[in-house]
C-alpha cells in the first residue's frame, strides 16, 4: 500500500495508468464533407426559421434587409478567411484560445476561455436546446403553451443525449452532424424552391419600392448587423477542432470557402421566399416566420416545417457541443482549467471529461426562467474576442514572421474585419448604453482573480484539493493525459 502513494501524488505530471501508450491523442477523423457540415450545420440553427424579423425591424424596408443579410455573409466569410490563416499557421484546436495565447500571451487567452466556458457557449447551447424542446412539445399542447417544466426537461434530455453521443465517438458525432445538416438543407431547399416558384408566378409586390421608409441611422444599421451576424455565428467552429481535421492545410480553407457562401446564398433566398407570401408588416407580426410560411404555402403538409426546424436546432446544438468541448479540452491542457478536463478517454479517444463538463454547465443554464438577456449582453463580448483575435493575426505578421503560413490573406482583410469588430463592440454601448455592458466587462475582468490565484501562483492548498479529485475522476472515467501540446 505504501508504494502506491507517491504515484498518486505525481498524477499531474504522469497518468496513474502509466502503462498506457504514450500516443493517446485526439484522432484525425473529420474530413472535408464533415467539416463543411459542421460549419453549415452549426450556423443554420433556428434563427433563420423563427426570427429574421429582427433584421427587418431595424432596417424597416425589404431592400436594406436583404443587403444586411448579404453583408453579414461577406463579413463572416472575411472573418473565416482570417481564421483559416490562423488555423493553418497554428494547428491547435480551441478556436480563438491558442491564437490569443500565441499573439498576446496567457492572460487574454485565459479571459477568453473564462467567459466562453462559463457563459457564452454553454448558455447558447442551452438556448438552442430550449428552442428544440419547445418545437417538440408544442404539438402535444395544442391551443396553449407547453408547461415550462416539460420544456426544460426535454432540453435537459437533449443536452444529455448530445453530450453522450459526442463523448462516445468523434466519428459518431460527425455522422450525427452530417445527418442533421442534410435534414436542415431539405427544409431550406423546400422553402427556397417554393419561394422561387411563387416569384416566377409574379408574387413580386413586396419587392416594389423596396427601399421606401428605410432606416439608415448608425444605431439601426449596427443593431441590424448584430442580429444578422447572430444568425451567421458559427463561422469559426472548424477552428475548434483543427487537430481532428484530416489535412487541415487543405480542408480548413476549403470547408470555409464552400460552407459560408452556401449559407449566405441560402439565407438571402430564404428571406426572398418569405417576402413572396408576407408583407414586411406581416413578417414583423409573425411569431415564427417559417411556420407562417409553411401554413400559407405548404398546407396540408405544413407540419413538416416545425419537424425540420426541430432537426435544425438539434443539429446546431450537436455542432456547438462537438466544437466547444474542444475549447474546454485545450484550456485544461494549458493548465487554465482542471487538468482532468484535458484528459482523453482510453477506449473512445474523445475528450470526454471536457464534453461532460460543458454539458453540465449548459444544463445549469436551463434552470433559470430567462437567460436570453444575459446572452444578449454578452454577445458584444463575442465580437470583442473576434476583433482581438484578428488583431492578433495582424500583430503576428510582424512579431512571428518565422511561422509558416500555408494561407496568407491580403493584409487589408484582417484590418477591415478588426475595424468592423470595433464598430460592433462600441456601437450598441454608445447608442444604447446600459449598466449590463459594464457588468459584462467586470465579469470578464474578474477572471484575473482566478488566473493569479490558481494559474499564475499555483497555491499549494489548491493543488492538494485538485489532485485527489483529478485522480478519482481519472479512474472513474478511464481517461489519460494527451500527448504533449503540438507545436
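The backbone N, Cα and C atoms fix where each Cβ goes, and this holds for glycine too.
Annotated region 'Disordered' per Swiss-Prot: 1-22, in sequence order.
Marked as topological domain 'Cytoplasmic' by Swiss-Prot on the basis of a curator's inference: 1-31 (among others).
Annotation source Swiss-Prot lists phosphoserine at 18, citing similarity to another entry.
Annotated transmembrane segment per Swiss-Prot: 32-55 (among others), in sequence order, evidence recorded as similarity to another entry.
For 43, 44, 45, 46, 47, 233, the entry in Swiss-Prot reads L-arginine binding site. DSSP assigns residue 43 (L-arginine binding site) to a helix.
Here Swiss-Prot flags 56-62 (among others) as topological domain 'Extracellular', drawing on a curator's inference. Per DSSP, the secondary structure of the topological domain 'Extracellular' (56-62) breaks down as 5 helix, 0 strand, 2 coil.
Residues or ranges marked as transmembrane segment in Swiss-Prot: 63-84 (among others).
The feature topological domain 'Cytoplasmic' is assigned by Swiss-Prot to 85-110 (among others), with a curator's inference given as support. Nonlocal intrachain contacts for the topological domain 'Cytoplasmic' (85-110), taken as residues 6+ away from its ends with a CB within less than 8 angstroms of a stretch CB, comprise 26, 236-244, 248-249, 252-253, 323, 326-327, 329-331, 334, 336, 385-386, 388-389, 391-393, 395-396, 399-400, 403-409, 447-448, 451, 455, 485-486.
Residues or ranges marked as transmembrane segment by Swiss-Prot on the basis of similarity to another entry: 111-137 (among others).
For the topological domain 'Extracellular' (138-147), the residues of the chain that approach it from at least six positions outside its boundaries are 303, 306, judged by C-beta separation under 8 angstroms. Under the heading topological domain 'Extracellular', Swiss-Prot lists 138-147 (among others), citing a curator's inference as support.
Here Swiss-Prot flags 148-169 (among others) as transmembrane segment, drawing on similarity to another entry.
What Swiss-Prot lists as transmembrane segment is 170-193 (among others), and the listing cites similarity to another entry. Cβ atoms under 8 Å from those of the transmembrane segment (170-193) belong to residues 26-27, 29-30, 33-34, 37-38, 40-41, 44, 49, 244, 266, 269-270, 273, 290, 293, 298, 304-305, 308-309, 311-312, 314-315, 318-319, 322, 349-350 of the same chain, restricted to positions at least 6 beyond its ends.
Per Swiss-Prot, the feature topological domain 'Extracellular' maps to 194-217 (among others). Counting residue by residue with DSSP, the topological domain 'Extracellular' (194-217) contains 10 helix, 0 strand, 14 coil.
As annotated by Swiss-Prot, transmembrane segment applies to 218-238 (among others). Residues 35, 38-39, 42-43, 45, 47-48, 52, 54-55, 58-60, 64-65, 68-69, 71-73, 75-77, 79-80, 83, 87, 95-96, 245, 252, 255-256, 260, 263-264, 267, 316, 319-320, 323, 379, 382-383, 386, 423-424, 427-428, 431-432 of the same chain lie 6+ residues outside the transmembrane segment (218-238) yet bring a C-beta within less than 8 angstroms of a C-beta in it.
What Swiss-Prot records for 239-251 (among others) is topological domain 'Cytoplasmic'. Break the topological domain 'Cytoplasmic' (239-251) down by DSSP state and the numbers are 10 helix, 1 strand, 2 coil.
Under the heading transmembrane segment, Swiss-Prot lists 252-274 (among others), citing similarity to another entry as support. Same-chain residues lying 6 or more positions outside the transmembrane segment (252-274) and placing a CB less than 8 Å from one of its CB atoms are 32, 35-36, 38-40, 43-44, 48, 52, 65-66, 69-70, 72-74, 76-77, 80-81, 83-84, 87-88, 188, 191-192, 194-196, 198-199, 231-232, 235, 238-239, 242, 245, 283, 289, 293, 407.
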Revision key, fill the gap. Same-chain shell around L-arginine excluding 43, 44, 45, 46, 47, 233, C-beta within 8 angstroms of the CB centroid, reads 42, 48, 231, 232, 234, 312, 316
Exercise for review: Ten-angstrom check, please: count other Cβ atoms within 10 Å of the Cβ of residue 44 (L-arginine binding site), all chains counted.
Suggested key: 29
**Study point:** 45, 47 as binding-site residues, winner by CB count within 10 A
**Key:** 45
Review point. Can you name the far-off residues of the same chain, 6+ from the ends of the topological domain 'Cytoplasmic' (239-251), with a Cβ under 8 Å from a Cβ of it?
Key: 25-32, 35, 38, 83, 86-88, 91-96, 170, 322-324, 326-327, 406-407, 486
Exercise for review: Verify whether three or more Cβ pairs under 8 angstroms connect the transmembrane segment (63-84) with the transmembrane segment (411-431), leaving out any pair fewer than 6 apart in sequence.
Suggested key: yes
Exercise for review: Compute the average pLDDT of the predicted model within the topological domain 'Cytoplasmic' (326-351).
Suggested key: 81
Review point. Which one, from the binding-site residues 46, 233, has the smallest tally of other C-beta atoms lying within 10 Å of its C-beta?
Key: 233
